[in-house]
Amino acid sequence: MESSILESIGTEMIGVMSPVSICMLLVVLLVYTLSSSSSSSSEAAIRTAANLVYQETSTDSPTEKLEGALLNALVFVIFITLITFLLVVLYYYNFTNFLKNYMRFSTFFVLGTMGGSIFLSVIQHFSIPVDSITCFLLLFNFTVVGVLSVFSEGMPIVLRQGYMVCLGVIVATWFTKLPEWTTWVLLVALAIYDLVAVLAPGGPLKLLVELASSRDEELPALVYEARPTVSQNERSGRSGLMLLVGGVSDTRSVELQALSRGSADGSENHRNLEYTAVHVENVEHERDSEVERLPLVGHLFREGFLSSDGSSSEYSTVVDNRENEIVVEEETSPLVDMMELGDEREQGGRRDGRENDIIVDKGIKLGLGDFVFYSVLVGRAAMYDLMTVYACYLAIISGLGCTLILLAVCGRALPALPISITLGILFYFLTRLLMEPFVVGTATNLLMF
């Protein structure tokens, strides 16, 4: 039974588009809030890795601005490429702890310094009465909780997702301080770089993704997970009956994990392997008594999630008897307590002399850089007019939707910047050069209200 792509990834698209929209909205609000105070003061443009070669001034000619912006974009892309290849080399030689500590330091730096600067600017703009000690304590707590939320496994996933959006907002707000010509050329250059780095045979991002997939590990990067999988605990050292149990996350996802129960003979694992997650057909009734004695499944029985015949209305699965595949389609129950999860996810097992393939649908992951540069484009548009903001937002969301559909069709990692950035820049200049003069002209002449 086949369903349309939109039906199968509709929830995933909403889970990705919602935080992207929130990030862009917050950046637009910050740009509108802080642009008036920054424009009144004659502060020099910030010096970053994106404008090391050329500093744009209002007296420069368009040709000089274009040439300088191209040089800035070229240097920045080369710098990003070298850093990415360095990360690939470190990850290849198993410097994982170093990479994790580096990301922790980067997160602390962004939240503490860049976020603190924006926080102080907001306080000064609204004249909020707060003393320096209170401000320091608030900022320190915000930073420490942010680092723990992003990198600790015991924190609520909503808090982690919220801090990932905060990181995107902070970095994007700083990037909006770049000169206009440098910003537009840099966005185009990054879209091209993203396309090459992910799809080219020797691209650094492609190498990083393939290396992480071969090791069955998470990417050593700041990645937003729309529907994160349940983390696996360390092996408890007990062998015995292995069950695939359907765990539910608070973001409406189902994850299959392996649960061990103690047994004297480790060879009994494969003979007693049973796939029980949810409403799976053809489960023998004689195993019900044994299943009820397990900690997690017994808890489900006591809470009423599973009935005595092994069925449940809280879950929905489809069993393809022809290919022996168990496919989790949808979940409609709240978070289920998960106890004593094994450390290995079973990719296949033997039952009745046949091989079963367990298909687990993982959530869509979006890099933090995609959040940043989507928001930079909208923030730059907000410096001109709200009409361009609406047009750029619709273009970016449309491009992101097309990318997610292509992701479902291709089934491989795809760059998220090229389509959205291309449509966003195209819509910006079309709106600014064509649509806005037409709408303003017709409105001022009372032809359109």
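Using the three backbone atoms N, Cα and C, a Cβ is placed for every residue, glycine included.
Under the heading transmembrane segment, TrEMBL lists 12-34, 69-93, 105-124, 130-151, 158-175, 181-200, 390-409, 415-435.
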Interface present between the transmembrane segment (105-124) and the transmembrane segment (158-175) (three or more C-beta pairs under 8 A):
yes
Sequence gap of 6 or more, Cβ distance under 8 Å, 3 or more pairs: do the transmembrane segment (130-151) and the transmembrane segment (105-124) meet that?
yes
Can you find at least 3 Cβ pairs under 8 Å between the transmembrane segment (69-93) and the transmembrane segment (181-200), where each pair is 6 or more residues apart in sequence?
yes
Are the transmembrane segment (12-34) and the transmembrane segment (415-435) near each other by the rule of at least 3 C-beta pairs under 8 angstroms (pairs 6 or more apart)?
no
Should anything in the same chain at least six residues away from the transmembrane segment (181-200) have a Cβ under 8 Å from its Cβ atoms, list it; otherwise answer none.
50-51, 54, 56, 65-66, 68-70, 72-74, 76-77, 80-81, 84, 175, 206, 209, 369, 373, 376-377, 380, 413-418, 421-422, 425
